[in-house]
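Encoded as C-alpha cells, the structure appears first; notes follow it.
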C-alpha cells in the first residue's frame, strides 16, 4: 500500500470527515463532476493536463471520459480521507500512489494545481453538505487533502 505518516489528523477531524462522506457518498459521480467543473472554472488552463479534454469540442458536462475520471478522483480522495486516522497513514489502492505520483509528474502538475483542487474540493463539499459545514469540517477535509497531496508529491518522479 502507498503510505505516508499522518501526524495531526485528530479523532474529531476523522468524525467530521466520515460523517460528511457518508452523506455525500451516494452522489459521488455528480460531486466528482462538480469538483472538476470548479477546477476548470478557476483554472481553465488545467484542462490541457487531460489528454481527453485537450481537443474536445464537447461541453465538459457531457464529456464521457471526464465523468468517470472525476468520480474516481473524488472517491479516491474521500476514501483516503476516511481511512487516514484508522490506518495512521495515507492509504490508496496497491501501487496507486506510485502511479499517481508518476502521472502527476509526467503531466506537469505543480503546487498551484493542487491548491486550486483543494479550494474546489472544499467548495464542493461545502455545497454538498451545507447543514454540516463548519470551520472545523473545512480544516478536517483540508488536513486530509494536504496529507494525500504530500503522499502523491513524495512519489512525483519519472516512472521506473
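Residue numbers in this text run from 1 along the chain shown.
Yeah, the Cβs are placed from backbone N, Cα and C, and that goes for glycine too.
Break the domain 'Globin' (8-157) down by DSSP state and the numbers are 116 helix, 2 strand, 32 coil. Annotated domain 'Globin' per Swiss-Prot: 8-157, in sequence order, evidence recorded as sequence analysis.
Among the features that Swiss-Prot reports, motif 'Homodimerization' is placed at 41-45 (among others). Within the same chain, residues 112-113, 116, 119-120 sit at least 6 positions outside the motif 'Homodimerization' (41-45) and bring their C-beta atoms closer than 8 Å to a C-beta of that stretch.
Neighbour density for residue 65 (heme b binding site): within 10 A of its CB lie 13 other CB atoms from the protein chains shown. Residues or ranges marked as heme b binding site in Swiss-Prot: 51, 65, 69, 99, 104.
Summarising the annotation, Swiss-Prot assigns motif 'Homodimerization' to 111-123 (among others). Within its own chain, the motif 'Homodimerization' (111-123) is flanked in space by residues 35-36, 38-39, 42-43, 46, 49, 77, 138, 141-142, 145-146, 149, 153, which lie at least six positions past its ends and keep a Cβ under 8 Å from the stretch.
Taken from Swiss-Prot, the feature site 'Homodimerization' applies to 138.
If you take the Cα of residue 65 (heme b binding site) and the Cα of residue 138 (site 'Homodimerization'), they are about 29 angstrom apart, rounded to a whole number. For residue 138 (site 'Homodimerization'), the nearest neighbour among the listed binding-site residues (51, 99, 104), judged by C-alpha distance, is 104. Taking every protein chain shown into account, 69, 99, 104, 138 are the recorded positions, and of these the Cβ with the most other Cβ atoms within 10 Å belongs to 104.
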